[in-house]
Amino acid sequence: MSSVSPPLEHAGRRARDWHHRLRTRVAPFPLSPGLRWLVRLGFAAPYVVIALLAARGHAGPPSDNDLVYQHVLGIDWSRADVEWVRDLYPPLGMIFATGVMRLIPLGDFGLALLGAAVAGHLGQKTLESMRQRVFPPTAIALFCIALFVNPFTVYLVERSTLLFICIALFALGTDNMTRFIAFRSTRDGFRAGLFFMLAALTDSVGIILVATAAVSSLFLRPGERQERGRRRADLLVIAFPTIGTLALWYFLQWAFGAVPYRLFGIGVTPGELADELEYFYRYGWIVLTTVACICVVALLARRPSIALMTVALAAVYVLALFIGLGHDPSAAGFAVLVLLLLIFYTPEIRPRAVDLALPSVAGLQVAIMWIAGIDDYYLVAWFNAVRDALGG
Amino acid sequence: MADETWEEPCGFKAPRRFVPDQREDLSSLVTDGVITRQQLDDAVALAEASHANAAGVLLSQDFVTELQLAVARGKSWGIEAVDLAHERFERDLARRRSGPEYIRRGWLPIRRDTDGRLLVATFFAPTPQLRDEVELELDGQVRFVATSRWALREAVLDIFADYFADHARDALGASDPLLSARKVLSRAQAVGGGALIVAYAVCLVIWTLSTIVWTVAVGSIVFLLATTFKYVVALHGSRYDVVEQLTPAEVEAVDDNALPMYTVLVPVFREANVVARLIANLRTLDYPRHKLEVLVLVEEEDHETRDAITAADPPANFHVLTIPKGTPQTKPRACNVGLAVATGELLVIYDAEDVPDADQLKKAYLAFQRGGEDLVCVQAALSYFNDSENVLTRMFTLEYGFWFYYMLTGLEAARLPIPLGGTSNHFRVSGLRALGGWDPYNVTEDADLGIRASALGYRVGIINSTTLEEANNAFPNFIRQRSRWIKGYLQTSIVHARQPRRLVRQIGWVSFLSFVLLVAGTPITFLGVIPSFVVTFVSIWLEHVTIADLVPAWVMWIMLFNFTVGNAVMIYVNMMGPFKRGQYYLVPWAILNPLYWILHSIAAYKAVWQLVTRPHFWEKTTHGLTTHLSPTERQAPDVERQPAA
C-alpha cells in the first residue's frame with residue numbers, strides 16, 4: 001500500500017479523508033457513508049416490518065422480552081441505594097430496555113425496534129467483514145441469507161432482544177479481535193475490549209462468552225514470531241474492560257454492604273435443569289452440526305486452534321445454560337452466534353479449498369436454520385400467534 | 001497569521017538592495033598546504049550541487065578552521081583577516097545599528113582605525129556595493145577585514161548580549177502581553193478568580209462537608225470527561241498505527257542536495273555529565289553535515305558544561321552559544337536566543353540526553369514539504385531507552401507511548417490543537433518567528449506554542465519517528481519534573497483563558513473544548529485524584545447512610561462511578577502505549593496507573609503552590625541518573641558518561 005499523499009492543503013477535506021484511509025488498513029464497506037446507512041436500513045427494514053405486524057396483537061408463549069418488560073416495570077427509579085444498583089444487573093441491558101420500554105415508551109415494540117436497529121448494524125458489519133476476508137460472492141449471499149433471512153434470527157431479534165444484542169456485540173468484538181491479532185491493528189483490539197464489555201453488561205450470558213474469547217485470544221496468534229509478552233498483552237486488552245467493570249461492580253456492592261449479585265446458579269431449580277436437558281436433547285444436533293461446519297472450515301484453513309475454540313465455545317455456552325447463567329429457549333442464540341463466529345474466524349489468507357467449502361457450508365447453514373426454525377416450539381408458537389393476531 | 005514581531009532596537013537607514021557577492025577563491029588553502037586540491041575540488045563540486053558554499057562544506061568536514069577560512073578569504077579579496085574573538089570593539093560604534101541585522105548583512109564595525117577609517121569585519125566579498133552600504137550606514141570611510149560567519153555571529157551576540165537577553169525575554173510579551181505568562185493572572189482574571197475563591201471559602205465555612213463532597217463530585221465529572229476524551233482521541237489515533245506515514249523508501253529517495261539548512265538547538269544547563277553523549281547522539285543524524293548547524297545553548301554562568309563541550313572536541317558544525325545572563329533563567333529564553341541567530345530554514349530542539357532516529361530530520365523535511373506553508377511544526381514521538389529500569393520508568397514509558405503514538409496522532413487526525421512535547425519539535429523557522437518564538441515565562445513553553453500556533457491558523461503535525469530519552473528513575477526527580485509540567489499546563493490554560501471568546505473564534509468550539517479537556521483538564525484531573533481516593537475510601541468505610549445524609553445518593557453514585565470508571569479508562573488507555581514499539585511486556589504494568597496518578601496528584605499540588613509562590617521558576621530535571629545504556633552508548637562504549645551531580 002502506498003502512503004504517498006496528494007497535496008492535501010490544496011485538495012480539501014475529501015483528499016484528507018482519502019489520505020487517512022490510505023493510512024489505515026481496514027476499509028469500510030461500502031466505502032460511502034451514505035451507502036453504508038442504506039445497507040444498514042436494508043438489513044433492519046424486514047425486522048421493523050415484522051415488529052410492526054407483531055405489535056398489532058400480542059400473543060404466544062412468554063418470551064425473554066416479556067420477562068425484561070416485567071423487570072423494567074418493577075424498577076423503582078426513586079431509589080439509588082446499593083441494593084437497587086445490584087438489581088439493575090445486567091445494567092446495560094436494563095438501561096437499553098428502560099430507555100425504549102418506559103422512557104419512550106414503546107414497550108415490547110420498542111425493544112423489537114432496538115433489535116432491528118442492531119440487526120441492521122450487524123448486517124452491514126458482517127457484510128464488511130466478509131468483503132475484507134474476500135469471501136466468494138456466492139458464500140456472501142448464502143451467509144447473509146443463513147444469518148438474516150431465517151426464523152431463528154427473526155425470533156431472536158423480536159422476542160429475545162437483549163440476548164441478540166449481546167450476541168451481536170460479542171460477534172463485533174470477535175471481528176475486531178481477529179483483526180487485532182491477525183492484522184496487528186491496535187485500534188481493533190481496544191474496540192474489541194469495549195464490545196466484549198458491552199456484551200457482558202447487556203446479558204448475563206455475555207460473561208461466559210467473553211471469558212471464552214479471552215482464552216481464545218491466546219491461541220489465535222499465528223506462532224511465526226515470538227514476541228515477549230505479546231499473548232499476555234492481547235489477553236489483557238481483550239478482557240480488561242469486562243473484568244475491570246465487573247470487578248468494580250462487585251467491589252462497590254461489597255464495599256457498601258450489599259449481598260453481591262450472584263452470577264452463577266441464578267434461579268436454577270431442578271425443574272429448570274430438566275428443561276435445559278430436554279433443550280439439549282432437542283436442539284443438540286444444531287449445536288453439533290454448526291460446530292462441525294466450523295471445524296471443517298478451520299481444518300481446511302489449517303487452523304486447528306479455531307476448531308478447538310469453537311468446540312470450547314459450544315461447551316461453555318451449553319454449560320452457561322445449565323448453570324442458569326443464560327436463557328435461550330429456542331437455541332436461536334447459539335445458532336446465530338456460531339454462524340457469526342464462522343465468518344469472523346475465517347482467515348483472510350487461506351487455502352483455496354476453504355473458498356470452495358465456504359458456499360457449501362453457508363448453504364448447509366441456510367438449510368439447518370430453516371429446518372430447525374420450523375421445528376422449534378417457541379418459534380412456531382410465536383409465528384402462529386402473530387398470524388392469528390393478524391387474522392390469518 | 002501574526003506579522004513579524006521582532007522589533008529592531010535601532011534599524012538600518014536603508015534596506016539592502018543588492019545580492020552580496022559570495023564568490024570566494026579558496027585556492028590559497030591549497031597553496032598554504034591546509035587542504036589538498038582534490039579536497040577543494042570535491043568541496044566546490046558538492047557545494048555547487050547542493051546550493052551551499054564550499055567554505056561550509058570544508059568546515060563541516062573538519063578540513064579547515066573558521067580562522068583559516070577567514071585568512072583564505074582575506075587573501076582572495078586582497079584584505080587582511082582578523083580573529084574577532086581577540087579584537088577590541090568600540091561597542092558604541094557597533095551598537096549604532098541592530099545586532100541581528102548585522103548577522104543578516106554579514107558585516108560588523110569593530111572600531112575606528114588610527115587613520116580615522118572605520119574597521120569593518122565582513123564575510124561577504126567587499127564589493128563597491130557593500131562598501132556603499134556600509135559607508136551609508138556608518139557615516140564614514142571604511143576598511144574591510146575578512147572574518148568567518150560564526151565568528152561574526154559570536155561577536156554580535158557578545159556585543160548585543162543585553163539586547164538578545166531582553167529580546168528573548170520580552171519579544172512575545174511586547175507583541176501581545178495577554179499571550180505571555182509573565183503576569184500569572186490578568187486583572188480580569190484576578191478579580192473574577194478572587195471573587196470565586198471568596199464565594200467558595202464562604203460555602204466551605206457554612207456547608208463544609210457538602211461543599212467538599214460537591215467539589216469532589218464536580219471534579220469526578222471533569223475526571224471522567226477528561227479521561228474519556230483521551231480514550232476516544234487515542235482510539236482514533238490508533239487507526240493509523242499499522243501503516244507508516246513516511247516510509248523508509250521515501251526517506252531513501254530524498255535528494256541530499258535539495259535539503260535545506262537545518263538548525264538543531266540543544267539547551268543545556270549544568271549537564272556536563274552528558275555532553276559527550278549528546279555529541280555522539282547527534283553525530284548519528286543522517287543529514288549532510290554542511291547543512292546541519294548544531295547550536296548548544298549554554299547559560300553564561302555554566303562554565304562547567306562549556307568546558308566539558310570543549311573537552312569533548314565537537315565537530316565543526318557544533319557551536320556553543322553562550323546565553324546572556326538574565327531572568328527568567330528558563331529553557332525557552334535560551335531557545336529564543338538560539339532562534340535569533342539560527343540560520344536554518346528548519347529547526348529542531350533536542351535535550352542533552354536525546355537519541356533521535358537517524359532519519360528524523362529527513363522525515364521532518366518531507367513532512368514540511370507535503371504539509372504546506374501553514375504546517376509550522378512537526379512533532380516526533382518520544383520514548384525511553386531505560387524503560388525496564390524500575391516501576392517508574394515503566395510507567396513513564398507506558399504514558400509516553402500512549403501520548404505520542406496514539407493521542408497526538410488522534411489529535412492530528414482530528415485537526416485538533418496539539419500541545420507539543422518538550423523536545424523533538426521541528427519548526428519552519430519563518431513560521432516560528434512569526435509566532436513570536438517561545439514564551440520564556442511559561443515552563444511548558446512547548447505546549448503553549450502548540451496552542452498558540454493553532455490559534456493563529458497554523459497547523460502542528462506529527463511524524464513517525466522516535467527520539468529516545470532517559471526516563472526519570474527517581475521519585476524526587478519525577479515530582480520536580482511533573483510539577484513543572486503541570487504548572488506549565490496551568491500557565492497555558494490561564495494565558496489562553498484570558499480571551500476565551502477570541503480563542504473560540506480562532507480555533508472553533510471543538511478545538512476549544514479539546515484544549516479545555518486536554519490542557520486545563522489535565523491539572524484539574526490530577527488535583528482531583530487524591531481527594532477522590534480519600535472520599536471513596538471514606539465513603540466505603542463510613543456507613544453509607546451518613547454520606548447519603550450529606551449528598552443525594554445519585555450524586556454519590558455518579559461520583560463513585562466517574563472516579564472508578566475514569567481510573568479504569570486510564571488504565572486501559574495506558575495499555576495502548578507499548579503496542580507501537582512492540583514493548584508488550586509493559587502492558588500489565590498499566591494496572592498500576594492509579595498509583596502513578598497519586599504521584600501526579602502530589603506533583604499537581606506542588607505545581608499550584610509554585611504557581612502562587614514562584615510562577616516562573618524552572619524545576620530542573622536531572623539527567624544522567626540511569627544505569628542503563630542508551631543505544632549510542634551500546635554502539636560506542638567509549639562514549640563517557642560522568643555521574644550526575
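Including glycine, each Cβ sits where the backbone N, Cα and C put it.
Because the structure is a prediction, the values reported are computed rather than measured.
These come from TrEMBL:
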- A:37-55: transmembrane segment (TRANSMEM)
- A:103-122: transmembrane segment (TRANSMEM)
- A:134-155: transmembrane segment (TRANSMEM)
- A:162-182: transmembrane segment (TRANSMEM)
- A:194-220: transmembrane segment (TRANSMEM)
- A:232-252: transmembrane segment (TRANSMEM)
- A:280-301: transmembrane segment (TRANSMEM)
- A:306-325: transmembrane segment (TRANSMEM)
- A:331-349: transmembrane segment (TRANSMEM)
- A:356-374: transmembrane segment (TRANSMEM)
Open item on the list: Which range wins on Cβ pairs under 8 Å with the transmembrane segment (A:306-325): A:37-55, A:331-349, A:356-374?
Closed with: A:331-349
Task: Range from A:37-55, A:134-155, A:162-182, A:280-301, A:356-374 with most C-beta pairs under 8 A to the transmembrane segment (A:331-349) - done: A:280-301
Open item on the list: Pairs of Cβ atoms less than 8 Å apart decide it: which stretch in A:37-55, A:103-122, A:162-182, A:232-252, A:356-374 has the most with the transmembrane segment (A:280-301)?
Closed with: A:356-374
TODO: Run the contact check on the transmembrane segment (A:232-252) against the transmembrane segment (A:356-374): 3 or more C-beta pairs under 8 Å, excluding pairs closer than 6 in sequence.
DONE: no
- [ ] Determine which recorded stretch among A:37-55, A:134-155, A:162-182, A:356-374 has the most C-beta pairs below 8 angstroms with the transmembrane segment (A:103-122).
- [x] A:37-55
- [ ] Output the single range from A:37-55, A:134-155, A:162-182 maximising the number of Cβ pairs under 8 Å to the transmembrane segment (A:356-374).
- [x] A:134-155
Task: Cβ-Cβ under 8 Å with the transmembrane segment (A:134-155): same-chain residues at least 6 beyond its ends - done: 43, 46-47, 50, 119, 123, 126-127, 164, 330-332, 335-336, 339-340, 343, 346, 348, 355, 358-359, 361-363, 365-366, 369-370, 372-374, 376, 378-379, 382-383
Task: Spatial neighbours of the transmembrane segment (A:37-55) far in sequence, C-beta under 8 Å, 6+ residues away - done: 30, 108-109, 112-113, 115-117, 119-124, 127, 148-149, 154, 157-158, 386, 389-390
